[in-house]
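Copied over from Swiss-Prot, here are the features:
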DOMAIN    6-70  domain 'J'
ZN_FING   137-219  zinc finger
BINDING   C150, C153, C207, C210  Zn(2+) 1 binding site
REPEAT    150-157  repeat 'CXXCXGXG motif'
BINDING   C167, C170, C193, C196  Zn(2+) 2 binding site
REPEAT    167-174  repeat 'CXXCXGXG motif'
REPEAT    193-200  repeat 'CXXCXGXG motif'
REPEAT    207-214  repeat 'CXXCXGXG motif'
Amino acid sequence: MAANRDYYDVLGVSRDASDAEISKAYRKLAKKYHPDLNHEAGAEEKYKEVNEAYEVLHDPQKRQQYDQFGQAGMNGQGGFGGQYGGQGFGGADFGDFGDIFSSFFGGARQQVDPTAPQRGADLDYTMTIDFMDAIKGKTSEISYSRSTTCEVCKGSGAEKGTHPITCDKCGGSGMMTITQRSVLGMIQRQTTCDKCTGSGVIIQHPCHNCHGKGVKTQKQTLQVKVPAGIDNGQQIRLAGQGEAGKNGGPYGDLYIVFRVRPSKDFTRRGQTIYTTVPISFAQATLGDEINVKTVYGDTKLKIPAGTQPNQKFTLKEKGVPSLRGGSTGDQVTTVEIVIPKSINEAQRKALLEFVKASGGSIAPQEKGFFERLKEKLS
């Protein structure tokens with residue numbers, strides 16, 4: 001990460017921010033700098049920076065180590081980089097560098113109860129919709145896969161009529177403390193229990209339905225209401241439609257990111273719709289009333305006499321509705337004066353009379369080779 005920026009500063013959160021606040025900040029920044037959505041210079045590097053910060057701060061173990069030792073605690077094992085990491089100093093295993101200081105100064109790692117309820121993970125779903133559906137809204141059905149709590153064991157992972165038992169090796173903590181000799185003396189380090197693999201419990205009789213996992217992967221079908229006015233890259237949250245939680249914890253959420261197909265008739269920027277309509281020289285000069293397409297159907301537009309090329313006209317409340325309700329945007333229509341590539345003799349004479357009446361003149365065009373040849377032969 002550039003200049004070893006503080007991870008908390010990268011995510012824009014305080015050092016005592018909760019896991020929920022960190023996740024919320026990450027999701028917002030990841031969306032802002034995602035290379036598929038942001039093509040500005042430096043966006044991809046910023047996206048990597050945000051991911052690096054989140055990778056550390058959302059993990060309780062890595063976050064504690066970072067809080068104690070900063071960037072040094074993230075290099076190698078326990079902050080010793082290069083040749084002194086891991087098995088440096090004659091083969092002494094430093095493991096988690098934070099535990100060395102814990103053993104000297106009486107500190108203790110804040111442990112998370114592995115049997116406590118844990119919220120399920122969030123899911124993302126990309127939904128592609130038509131331009132008009134983004135303007136007016138619609139209801140659409142989606143299908144996706146997610147883990148759901150096993151209906152047989154209710155998430156315990158144990159066969160019906162049995163229960164998980166506390167791991168006798170780690171006492172239910174999911175962690176083991178190992179004492180080792182080092183050049184600094186006797187040190188202690190913590191590692192995941194190899195018997196219960198960190199769960200804190202042993203399932204002697206696994207559930208036949210979920211094979212002891214407590215969850216099953218299933219296909220989920222939902223009716224999604226696309227809000228009128230949604231824009232490309234925006235998202236909505238469907239609470240409780242993510243992955244199943246653990247130990248009775250709540251489900252995560254489902255975030256639906258919208259991709260809007262472009263329109264051949266309209267361009268959108270925010271709540272404003274932009275269009276271009278062709279008019280003739282005569283219409284621009286004399287004025288007229290024309291039909292103009294809008295996202296709500298055709299409407300009349302009065303072209304005043306003397307309209308200039310690329311002149312813009314605003315059609316009030318013919319744009320995009322606000323997602324939060326309230327006012328609707330406008331449509332800006334630009335007129336393009338079309339000059340004919342060829343005209344007949346009557347039109348040419350009329351234009352020359354127009355020029356003459358305006359006090360101007362038109363230099364006669366030089367005749368082409370075939371016209372001159374025709375005159376000589378006649």
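Glycine too: its Cβ is placed from the backbone N, Cα and C atoms.
Structure coloured by features recorded in Swiss-Prot.
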residue : record                : CB count, 10 Å
C150    : Zn(2+) 1 binding site : 20
C153    : Zn(2+) 1 binding site : 25
C167    : Zn(2+) 2 binding site : 22
C170    : Zn(2+) 2 binding site : 22
C193    : Zn(2+) 2 binding site : 20
C196    : Zn(2+) 2 binding site : 24
C207    : Zn(2+) 1 binding site : 22
C210    : Zn(2+) 1 binding site : 22
DSSP-assigned states of the repeat 'CXXCXGXG motif' (207-214) in counts, ordered helix, strand, coil: 0 helix, 0 strand, 8 coil
The domain 'J' (6-70): DSSP-derived helix, strand, coil residue counts: 46 helix, 0 strand, 19 coil
Inter-residue Cα distance where the pair is C193 (Zn(2+) 2 binding site) and C150 (Zn(2+) 1 binding site), in Å: 25
Other residues, Cβ within 8 Å of C150, C153, C207, C210 Cβ centroid (Zn(2+) 1 site): E151, V152, K154, G155, S156, G157, A158, P206, H208, N209, H211, G212, K213, G214, V215, K216
Counts by DSSP class (helix H/G/I, strand E/B, coil) across the repeat 'CXXCXGXG motif' (193-200): 0 helix, 0 strand, 8 coil
Nearest-integer angstrom distance between the alpha carbons (Cα) of C167 (Zn(2+) 2 binding site) and C207 (Zn(2+) 1 binding site): 18
Shortest C-alpha distance to C207 (Zn(2+) 1 binding site) - which of the binding-site residues C170, C193, C196: C196
Cβ-centroid neighbourhood (8 Å) of the Zn(2+) 2 site, C167, C170, C193, C196 excluded: D168, K169, G171, G172, S173, G174, M175, M176, D194, K195, T197, G198, S199, G200, V201, I202
Cα-to-Cα gap, C196 (Zn(2+) 2 binding site) vs C153 (Zn(2+) 1 binding site), nearest whole Å: 19
